[in-house]
Amino acid sequence: MSESGLSLSVFCVLGTEKGDEVAGPEMSLVCLTDFQAYAREHLSKSTRDFIEGGADDSVTRDDNTAAFKRIRLRPRYLRDVSEVDTRTTIQGEEISAPIGIAPTGFHCLVWPDGEMSTARAAQAAGICYITSTLASCSLEDIVTAAPEGLRWFQLYVHPDRQLNKQLIHRVESLGFKALVITLDTPVCGNRRYDIQNQLRRNLTLKDLQSPKKGNSLPYFQMASISTSLCWKDLSWFQSITRLPIILKGILTREDAELAVKHNVQGIIVSNHGGRQLDEVLASIDALTEVVAAVKGKIEVYLDGGVRTGNDVLKALALGAKCVFLGRPILWGLACKGEHGVKEVLNILTNEFRTSMALTGCRSVAEINRHLIQFSRL
């Protein structure tokens, strides 16, 4: 643990069903939905609801995956795909494939080592891991577990600026390469299952302390975040850090144009996995509008609904530089810990490589809008 009062550690009261063995499945898991099915069977109801739940009627959560299936591919052949290279870069850093790990909280709910296992898997895969403010392991422990991994840090902006400043300086000193500011949580979405399970009262960020009050902050208090965050506040963040600033949660042309105007370095098109405002656009449906608005001036990424290699290909063809996985990482972690996350990443990367070959793309640079046909159904 850090000597700082800002180390992030939670008391986890949820997990596997009582009596369950913490062991890998005997069945063969060959796609991401196989991991989902296994996790559903072996996690407690409270944990399962926390991972799978969406806001209100979960329309957007479900549409995130369904929207990808409304898009058809236009393959090209006779292109010599004997060698297919999935490598790319994000913010100037090379990654093995345009696939990363989105920020999700409380990994200790599904595996004892929590985010340390996730970080080791990301490092082994050569991809980016965005660590959440609500991580259940200290940042120091995560870095120690995977010292060579590419890490970005996701920030929920707290009303106390001094706490934000200390946390940002801490992640800088630990070698995180970018600051991801989540925009879509001025208030917490109406997550019915979490309310029924009283999740927010049962999870406590024991070591996240306010420098003014000195008391620990429970999850339900952290989830309220700053309700007053505005575009003008970005200049304050830019004044205290040299890290690239990525804005997570943008879904519209208007906000994308404002992001460019305020000189940030990237956007993650995201609807929070359908966990905040229900009945907004699926991430993949919002992507085209955002990409058109930034006019190539900053990098655009996507999370939400990615389950197959074809999904990755479609997102890149529509202008995303990289996609990030949320729930599938937790499914893998629940199944086999670090090895489960590695398998999820390996399966998706191999599927993506196959999708590239079958559409005639030998490198990520060859993936473009001409591969896409929107379904008329």
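Using N, Cα and C of the backbone, Cβ positions are placed for all residues, glycine too.
Annotation source TrEMBL lists active site, proton acceptor at HIS272. Under the heading FMN binding site, TrEMBL lists PRO103, THR104, GLY105, GLN154, THR182, LYS248, SER270, ASP303, GLY304, GLY305, VAL306, ARG307, GLY326, ARG327. Summarising the annotation, TrEMBL assigns glyoxylate binding site to SER132, TYR156, ARG191, HIS272, ARG275. Annotation comment: TrEMBL describes 24-377 as domain 'FMN hydroxy acid dehydrogenase'.
Feature map: annotations from TrEMBL on the structure.
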residue : record                  : Cβ contacts under 8 Å, 6 or more apart
GLY105  : FMN binding site        : SER132, THR133, LEU134, ALA135, SER136
THR182  : FMN binding site        : PRO103, GLN154, LEU155, TYR156, VAL157, LYS248, GLY249, HIS272
ARG191  : glyoxylate binding site : GLY53, GLY54, ALA55, ARG275
SER270  : FMN binding site        : ALA102, ASP184, LYS248, GLY249, ILE250, LEU251, SER283, LEU302, ASP303, GLY304
GLY326  : FMN binding site        : ALA102, PRO103, THR104, GLY273, ASP303, GLY304
Handout entry: Residues PRO103, THR104, GLY105, GLN154, THR182, LYS248, SER270, ASP303, GLY304, GLY305, VAL306, ARG307, GLY326, ARG327 [recorded FMN binders]: greatest CA to CA distance in Å
Key = 23
Practice task
By Cβ count within 10 Å, point out the most packed of the binding-site residues listed: PRO103, GLY304.
Solution key: GLY304
Exercise for the section: Could you measure the widest C-alpha to C-alpha distance across SER132, TYR156, ARG191, HIS272, ARG275, the residues recorded as binding glyoxylate, and give it to a whole number of angstrom? Expected result: 19
Problem - Under 8 Å by Cβ from VAL306 (FMN binding site), counting only residues of that chain that are 6 or more apart - result: PHE68, VAL312, ALA315, VAL323, PHE324, LEU325, PRO328, LEU348
Practice task
Within 10 Å of the Cβ of ARG275 (glyoxylate binding site), how many other Cβ atoms can you find? Include all protein chains, please.
Solution key: 24
Problem - Mean per-residue pLDDT computed across the domain 'FMN hydroxy acid dehydrogenase' (24-377) - result: 92
